[in-house]
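Trainee: Handing you this structure, nothing more for now.
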Amino acid sequence: MKRVKVLVVGAGVVGLSTAVCVAETLPYCSVTVIAEKFSPDTTGDGAAGILLPKEFPDIPLERQKRWFKESFDHLLAIADSPQASDAGVYLSSGYQIFKDIPSDKKPFWSDFVFGFRYMTDREMKRFPNHKFGQAFTTIKCECLNYLPWLEKRFRAVGGQIIHEKVTDLHKLALNYDAIMNCSGLDSRFLVKDEEVYPIRGQILKVSAPWLKNFIRDGDGNTYIYPGIRYVSIGGTRQAEDWRLEVDKEDSEGILERCCRLEPSLRGAQVMCEWVGLRPGRANPRVEHEYLHLQGRQVPLVHNYGHGGCGVTLSWGTALDALDLLRQSLFEKPPQARL
Ligand SMILES: Cc1cc2nc3c(=O)[nH]c(=O)nc-3n(C[C@H](O)[C@H](O)[C@H](O)COP(=O)(O)OP(=O)(O)OC[C@H]3O[C@@H](n4cnc5c(N)ncnc54)[C@H](O)[C@@H]3O)c2cc1C
Ligand SMILES: O=C([O-])CC(=O)C(=O)O
């Protein structure tokens, strides 16, 4: 009997991962996802979806390693299964190159990807403006496939979906035993967290089926990611910039920088241009508190603020959010709803 009603706010890669984790792990919970936007209109749908972490300043490194390893291993199992093409999850190999030798040549995630090594002098000759490079195989998770696939998996275990904008979490909490907030950038308004801010990202999707390996400049501003339908080339990282319109100058800059790294892109046809707002935050917020209403305390588990790493850390942070939910339900068992 499903006696605990859990509501997940958000149907991006973070919300759907969280909803699937809870619905598949806690048989006593009935789980509903409520969101204003679903695939193909969430931030992850336009993202390249490469699994590549960055280091957050105030989260213990062991926790960050766990977030990445769990996400990588979860997606690797999908990539290795007959579900891979439906889910849009596959291995992707390539290079990260640096104009200056980075202080951390062997980053914390290097043991979790496959075949991490420094590039040879011969390989580096292809990139005369760069001094150092890393070669490795990671995973690419294309949300245009992965999110509908996750949604199907969620429905298969009885998950419910509501298509609606939420304006007041307290009102919703009258009808649920726990709420999980996966509203990304909109947490700025929904839970009034002023630490979340937009980091605008513009990319172009080009047709260049001859490209097989990714190339990323370590500064994070220029990258080329071959994918299933197209090659994503980027990018921009404009903090506090809320514009969702395509900026012509940004597109020109992206093409120019990417063609410098990969001259064969000069002949590539641009299929579309896309802008998304990363949910920036110094550190992702994966923690819980309680909403107080009419004598009841309703657990509120937050899972948002992943910046440019939402796909990269989606499963690991969802598992942490699941633990926080379990802990909060155990600390304060559901109290009678009105
Ligand atoms: C150009 C670009 C490239 C990127 N490339 C990568 C990459 O290669 N690898 C990687 O790991 N990450 C990448 N990212 C980052 C990644 O896309 C994000 O971190 C991730 O998509 C965030 O997911 P989310 O579920 O937290 O938020 P979102 O996808 O923004 O989803 C938020 C959800 O909450 C819902 N919501 C919000 N407020 C409300 C409300 N009030 N009521 C109802 N619903 C609400 C929305 O409707 C939506 O369903 C990239 C981002 C950009 C912009
Ligand atoms: O940085 C990258 O390589 C891709 C990415 O995650 C982003 O643009 O946010």
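Placed from the backbone N, Cα and C atoms, the Cβ positions cover glycine too.
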Trainee: Given that TrEMBL assigns TYR223, GLY308 to the D-dopa site, pick the one from ARG188, ARG257, ARG278 that the record assigns to that site as well.
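Mentor: TrEMBL lists TYR223, GLY308 binding D-dopa, and from ARG188, ARG257, ARG278 it also lists ARG278.
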Trainee: Could you state the CA-to-CA distance between GLY310 (FAD binding site) and ARG278 (D-dopa binding site) to the nearest Å?
Mentor: 9
Trainee: In the same chain, which residues outside the set TYR223, ARG278, GLY308 have their CB within 8 A of the centroid of the CB atoms that define the D-dopa site?
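Mentor: Here the nearby residues are ALA47, ALA48, ILE199, GLY201, GLY220, GLY234, GLY235, ARG237, GLY307, CYS309.
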Trainee: Given the binding-site residues VAL166, GLY307, GLY308, which lie within 10 A of ARG278 (D-dopa binding site) by CA-CA distance?
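Mentor: Hits: GLY307, GLY308.
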Trainee: Less than 6 Å between Cβ and the nearest atom of ligand 2 is the rule; apply it to the binding-site residues VAL166, TYR223, GLY310, VAL311, THR312.
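Mentor: Cβ < 6 Å from ligand 2, in sequence order: TYR223.
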Trainee: Please report the distance from the Cα of GLY307 (FAD binding site) to the Cα of TYR223 (D-dopa binding site), rounded to the nearest angstrom.
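Mentor: About 17 Å separates the two Cα atoms.
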Trainee: Compute the average pLDDT of the predicted model within the domain 'FAD dependent oxidoreductase' (5-319).
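Mentor: When the pLDDT values over the domain 'FAD dependent oxidoreductase' (5-319) are averaged, the result is 97.
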Trainee: Go through GLY307, GLY308, GLY310, our binding-site residues, and report the one whose Cβ sees the most other Cβ atoms within 10 Å.
Mentor: GLY310
